[in-house]
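For reference, the structure discussed in these notes is given below.
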Amino acid sequence: MWRWRYVSGRQLHGFRHYKYSAVDTNPLSVYIMQPIWNKIIKIVPLWIAPNLLTFSGFVMILFNYFLISFYDWDYTASGTSPGLVPTWVWLFSAFTTFCAYALDSIDGKHARRTQSSTPLGELFDHGLDSWATSIFVLSFFSVCSRDNGKTGVSVYTMYIYLSIVLFNFMCSHWEKYNTGVLFLPWGYDISQVVLIAAYLLTGTVGVEVWQKPLLFGYYITDVLVILLIVFSLFLSFPQTLYNIHRAHLKKTLKNDSLYEGLLPLVSPLLLFILLTVWVVLSPSNILAKQPRLFLWMVGVAFSNVICKVIICQMSSTRPELFHWFLFPLALVVYAAISGLLGRMEEAVLAVFTILVTAAHVHYGVCVGRQLSEHLNIYIFSLKKRVQE
């Protein structure tokens, strides 16, 4: 079951020649956070594998997500029953977010410190990041709550917000696919600090702070959405295009043709087109009925699509034109918007979400095992494998 070989022989060969290259120009990261991480890394025992740090951070945010979901499944608790989510949950959210942020920031440092940097470590890190990105956002939605007629944000705003965040993540790795360099996005460090501050504010003041106008009739959530859109569309995406253009002028692009350069964008964009069609044309208004389930499915599907792009980028191979997730998703969307599912739409969404999640976990485990065997290393140990 766990021996499925998702990574081709050509891709495995490409991983052997991969070298990590990244640029971090964010002042918040360079001048504030990095000195903090450099001190924290000193207390990590040398026998701990870097991937164990990465996975521990992911488990923490996953546990935090399910904890919040227990108290606030439909994103209404903060708006209709402010005391339903205990104060300690928000403070725990701040703690887990900081820990996950720290572990994700020091795992690479620890790998270099223990001389255990491998392509598998980077793939493991970025693969979990592609999933964690959506989980961070979905957890935050419980703070501001969904629209109740007076305060909160609509489920459609949540979908747009999540789509923009995932779009930024996609652009970072599309940029690396073409330039060979990961230009670390400024938004990551800023978003983590904002998230931690938001949880601390909610835990100390209460969710009511999100339900009062901040300035000129705008709420804090309105300001955050506006800043996200401005930062993404007018700063982050233009910077991505500029970096690719600059690599083109320097003749350092990894892909010569326009088709090759744009190929990694096809499946992610088709994925969001299909999902948006389902959201807009759903006869039962599926997003409003099951926002947490639908948005979770969006994040998982996106993560699997991007993981394949990351593997192609690291192994210098061509990504597939159409990800296989698109075909069953297209069938489900067609059945839903045509009315064939009828009252079964919610049930089908639940089954589809479970299958997509199971498929993604299976993919991650199998790829990890395959690469660890190929590189003769263990995922969660610094010991070398004994070659048979």
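From the backbone N, Cα and C atoms, a Cβ is placed for every residue, glycine too.
In TrEMBL, annotation is done automatically, which means it is predicted and not curated.
TrEMBL lists 43-67, 87-103, 153-171, 214-237, 258-281, 293-311, 323-341, 347-365 with the feature transmembrane segment.
Residues 89, 92-93, 96-97, 99-104, 106-108, 110-111, 113-114, 116-117, 120-121, 124-125, 128, 131-132, 135-136, 138-139, 378-382 of the same chain sit 6 or more residues outside the transmembrane segment (43-67) yet have a Cβ under 8 Å from a Cβ within it.
Within the same chain, the transmembrane segment (153-171) packs against the transmembrane segment (258-281): three or more Cβ pairs sit under 8 Å, each pair at least 6 residues apart.
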